[in-house]
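These notes concern the structure reproduced below.
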Amino acid sequence: MKYFKGISFYIIIFILILVIITFFTATDNPPKMSYSELLTEMKAGNVKSIGLQTDTATIELKKPKENNRTKFVVIVPPDVTSASERFTAALDNKLIEDFHVTQPPQPPWWVSMLPTVGLVIILILIWFFFIQQSQGGGGGNRVMSFGKSRAKMTVDDKKKITFENVAGADEEKEELAEIVEFLKAPKKFVELGARIPKGVLLVGPPGTGKTLLAKAVSGEAGVPFFSISGSDFVEMFVGVGASRVRDLFEQAKKNAPCIVFIDEIDAVGRHRGAGLGGGHDEREQTLNQLLVEMDGFGINEGVIILAATNRPDILDPALLRPGRFDRRVVVGLPDIKGREQILKVHSRGKPLADDVRLDDLARITPGFTGADIENLLNEAALLTARANKKKIGNEEIKEAAFKVMMGPEKKSRVMSEHDKKVTAYHEAGHAIAIKLVSSSQKVDRVSIIPAGMAGGYTASRPQEDKSYHTRSQLIEEIIIALGGRAAEEITMDEVSTGASSDLKKVNQIARNMVTKYGMSEKLGNMIFGNDNDEVFIGRDLAQARNYSDELAAIIDNEVKSIIDNAYQKTVSLLRENIVRLNKLAEVLLEKEKVEGAEFEEIFENAVLEGSSQTPQLEG
């Protein structure tokens, strides 16, 4: 049946029909004769009869010519005297035996309708084609299946993913293992009167493995697994979303026990009534149907819903209540142990050199998700292949880490000497500030080679994972971020635009200290603003702030005070360590890149070598 799918098949059929009709309606047309030849034959008395039809004359000769033919067709030129009068005169003069005028033959009614019917058929085929494309393609049998679910069912996949393929999420796997156990042996739970959760919501940042966990549940359970994206419900026509939800659950009930996985459920499950303008939202109708199917009047036994999102704050409360999504599993960033386990999983099949230690690599990748770590090792493998090496070494992994964090280096970009000096002192200021004030961070590399969107970078890493930050640690973050701007002011007596991203970070930290963390001396243990971390247009747009204009001015003053005090401290620290600042900048201008070990050596030996005067920047 696959050959009967698509618009091409119907176009070929239509062309064949036209060819057949043309073949059967074709007649044996007589050959043509010129008008001058006709006049010659008339003068010779060889014309028996003439039949005139508008500007075409059909003649019959007395004596055959050209393959014994006696009938010919003559096209009468429009610029000659009236052919009818000439032929009538010839008839009167006995030059021809017969002359008659005929009307054009009328084709059969079905022939005259062919162009109209053909146009209608072509338009219908084009309409079918566009509808098919808008519904995701797949052939003519899907043209009218607007309300059918787009869910893909997986049963006994040979390349299935199990919990062994998921690392760094032990607690999350334990939560989901209960679901698998219920599907395999529900009797144990039923005898105790326990009710298995109807739905499990996987929540976490992008790249932490939510979809991978769902695939692992599918592989472990050994039951039919339906997977669909939240955006697949709502498409072109009104009412299609609700219809697809009904069809999805009908299929699931027929294959129970089974699992239904809805990825990015926030595309269809967002808060109702949050649309601007108050108009009806097709998503709301789809969500209402989803709510009914999950926990309504219908019986829905043996169907477990898994869903994933990184925006739980915008989901509708009715969707999150017990009875629908009974359990919420937070898939967070992996800790150092989890990162090491993830590295072991993704390093399978990759030849590693002897100098590679996965525990050290896990230590220098705080904040990396599972997807980041996989990308890191893949980039390292690509760098190794580019260098024609047989094994992935520590050097390639380190370069890949910087590439993932900062972006690829743009060594071909031409920078003026003035810009290089500004960048060198700016990055040196960051590095010196890290060494002076931070006990938890270590400088890995200082570079003035442009990378990503930055003109240079100072890469550092925390010594350990942190769950909380104290006020002094946040002040340290501000001082480190202001190190570049302070170094510019000390060495140039002016500042540049290179600190724009640093200032944005500084202002965000200081404002959070005042409005979210209660770290202001004047305002004390109070928080201000919306409790929601992210604004959801429609729901949050009309919400007013919960403090007065006078209090807003105090908040701004407190933010400014924190930043100003930190900046003065930064300037003071760098002035006290001007020798180290100058030395590091000189080395950066010479080498363009300083690794962590060399930076430590410069920092320790700069004072011993003596002070050098601060160079004046040109331009």
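Every residue number used here counts from 1 along the chain in the order it is shown.
The backbone N, Cα and C atoms fix where each Cβ goes, glycine too.
Positions annotated as transmembrane segment by Swiss-Prot: 6-26, 111-131. Per Swiss-Prot, topological domain 'Extracellular' is recorded for 27-110, and the stated evidence type is sequence analysis. According to Swiss-Prot, the feature ATP binding site maps to GLY204, PRO205, PRO206, GLY207, THR208, GLY209, LYS210, THR211. Swiss-Prot lists HIS426, HIS430, ASP502 with the feature Zn(2+) binding site. Residues or ranges marked as active site by Swiss-Prot on the basis of sequence analysis: GLU427.
Here the features listed in Swiss-Prot are painted onto the structure.
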residue : record              : Cβ neighbours (10 Å)
GLY204  : ATP binding site    : 21
PRO205  : ATP binding site    : 12
PRO206  : ATP binding site    : 9
THR208  : ATP binding site    : 25
GLY209  : ATP binding site    : 24
THR211  : ATP binding site    : 17
HIS426  : Zn(2+) binding site : 28
GLU427  : active site         : 27
HIS430  : Zn(2+) binding site : 26
ASP502  : Zn(2+) binding site : 19
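When each of the binding-site residues GLY207, LYS210 is scored by how many other Cβ atoms sit within 10 Å of its Cβ, GLY207 comes out lowest. Across the fold, the C-alpha of GLU427 (active site) and the C-alpha of GLY209 (ATP binding site) stand 35 Å from each other. Nearest in space to PRO205 (ATP binding site), taking C-alpha to C-alpha distance over the binding-site residues HIS426, HIS430, ASP502, is ASP502. Looking just at the topological domain 'Extracellular' (27-110), the mean pLDDT is 73.
Apart from the site residues GLY204, PRO205, PRO206, GLY207, THR208, GLY209, LYS210, THR211, the chain places the Cβ of ALA308, ASN310, VAL331, THR369, GLY370, ALA371 no farther than 8 Å from the centroid of the site's Cβ atoms, the recorded ATP location. In terms of C-alpha distance, the listed binding-site residues HIS426, HIS430, ASP502 place ASP502 closest to GLY209 (ATP binding site). Rounded to a whole number, the distance between the Cα atoms of PRO206 (ATP binding site) and HIS430 (Zn(2+) binding site) is 29 Å.
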